[in-house]
Amino acid sequence: MGFNEIVDFFYRLAEAGDKLREEGVWLAYGPEKLPEALEKPVNGTVAVKLGFPIYQKGGVVMDVTNVEQAGIAEDAGAVAVMVLDKLPYDVRKAGGVARMADVKVIEQVMSSITIPVMAKVRIGHYYEAMILESIGVDMIDESEVLTPVDEKHHINKWLFKVPFVNGARSLAEALRRIAEGASMIRTKGEAGTGNVAEAVRHMKLIMGDIWRLRGLSAEERLRVAREYGVPHQLVDLTARLGRLPVVNFAAGGIATPADAALMMWLGADGVFVGSGIFKSSDPSERAAAIVLATSMWDDPEAVAEAQRMVSEAKSMMGIDIRKLSPEELLQVRGAEA
C-alpha cells in the first residue's frame with residue numbers, strides 16, 4: 001500500500017460524487033447486496049484505514065486516563081476515547097518525559113467500553129506504535145503532547161495496518177503527514193491550556209491555504225508541492241476537493257460547548273477534547289454538553305442549551321498562551337519534519 005492508492009481512492013470518490021451531482025441523484029440507501037470487496041473489508045487496506053475516521057465525523061473524541069473516565073465519555077455520547085497516561089494539562093505541569101500509557105490501562109479501557117479506543121505514541125517512536133497495533137487499538141495518535149523521540153522524522157504510517165492521526169498547524173504540515181500515511185488530521189492548537197485560540201488560528205490557516213490553493217494554476221500548484229515537500233498529486237487532489245483529503249478534526253484547548261461549536265463552524269469535521277472535560281468540576285455534564293454542541297453546531301439555540309448544561313465557575317483554569325515561553329509550547333514539537 002502506498003501514496004498512489006490514497007490518491008486513487010479519493011479521486012474515485014470525487015468522480016463518483018461529481019457524476020451523481022450531474023445526474024441529480026441522491027443516494028438514500030444502498031443495494032440489498034454489496035459487492036464482495038465491500039462485504040469483507042480487509043484490515044490495513046486504504047479503504048479501511050481512511051474509512052474508519054469517516055465514521056467519527058460530527059463527533060467528539062475524549063482524552064481519558066482510566067476506565068471510569070472512559071465510561072463517562074461513552075455515556076456522554078463520545079464517538080471514541082483517546083487513552084493516555086496523563087491529561088495534557090497534567091503533562092504540562094509535571095514536566096519530564098511523557099510516554100505512551102500503560103498497556104494494561106489501555107486494555108482495561110478496551111474491555112470496558114464499546115466505542116473505539118485510540119491511544120497516543122511519541123513522535124517517531126515506531127515500537128510504541130507496533131505495541132499498540134499488536135494489542136488491537138482502533139487508531140494511533142502520533143502526538144506532540146508526548147515527548148518526541150525524533151524531532152525530524154515522523155513514523156512511516158504506511159508500514160502499519162492501523163490508521164493514524166497526526167497534528168498539524170498548517171496545510172504544509174497536514175499534507176506532509178498525509179503523504180506519510182496519516183488517515184486523519186487534527187489541528188494542534190495548544191493542548192492542556194483550556195485556551196482555544198491556537199486551535200482557531202491553525203484551523204483558519206489550513207482552511208485559508210486550501211482556499212488559496214484552489215485559485216492557483218497547475219504550474220503554481222507544482223511549485224507549492226515542491227515548497228511543501230509533498231507529491232504534486234496530493235496538492236492537486238486537495239485543491240479539487242476544496243478540503244483535506246482525509247478527515248480533519250479540531251483539537252487543542254477546547255473547554256466549552258461554545259468552543260466546540262466554533263471549531264465546527266470554522267470547518268472541522270469533529271473535535272478532540274483533552275483536559276477541558278476531566279480537569280473541570282463537572283465532567284459528566286460538560287462531556288454531554290460538548291457532544292450536543294458538536295453535533296448541533298449549526299443550531300445556535302441547541303448550542304445555547306448545551307452551554308446552559310455547564311457552569312463557567314466549574315470550567316478548568318485556563319492558561320494564557322501569550323505567557324508561555326517557547327520551550328513550554330507543545331505545538332512546535334515535531335515541526336521540523
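Cβ coordinates come from backbone N, Cα and C, glycine included.
Keep in mind that this is a model prediction, so the values were computed, not measured.
The secondary structure of Gly253 (D-ribose 5-phosphate binding site), as reduced to three states from DSSP, is coil rather than helix or strand. Feature annotation from Swiss-Prot assigns D-ribose 5-phosphate binding site to Asp63, Gly192, Gly253, Gly274, Ser275.
Residues annotated as active site, schiff-base intermediate with D-ribose 5-phosphate in Swiss-Prot, with sequence analysis given as evidence: Lys120. Secondary structure from DSSP puts Lys120 (active site, schiff-base intermediate with D-ribose 5-phosphate) in a beta strand. Neighbour density for Lys120 (active site, schiff-base intermediate with D-ribose 5-phosphate): within 10 A of its CB lie 25 other CB atoms from the protein chains shown.
Residues annotated as D-glyceraldehyde 3-phosphate binding site in Swiss-Prot: Lys204. Packing around Lys204 (D-glyceraldehyde 3-phosphate binding site) is summarised by its Cβ count: 13 other Cβ atoms lie within 10 angstroms of its Cβ, all protein chains included. Under the DSSP three-state reduction, Lys204 (D-glyceraldehyde 3-phosphate binding site) is assigned to helix.
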Cα-Cα distance linking Lys204 (D-glyceraldehyde 3-phosphate binding site) and Asp63 (D-ribose 5-phosphate binding site), given in Å to the nearest integer: 24
Cα-nearest neighbour of Lys120 (active site, schiff-base intermediate with D-ribose 5-phosphate) within the listed binding-site residues, Lys204, Gly253, Gly274, Ser275: Gly274
Collapsed DSSP category at Ser275 (D-ribose 5-phosphate binding site): helix
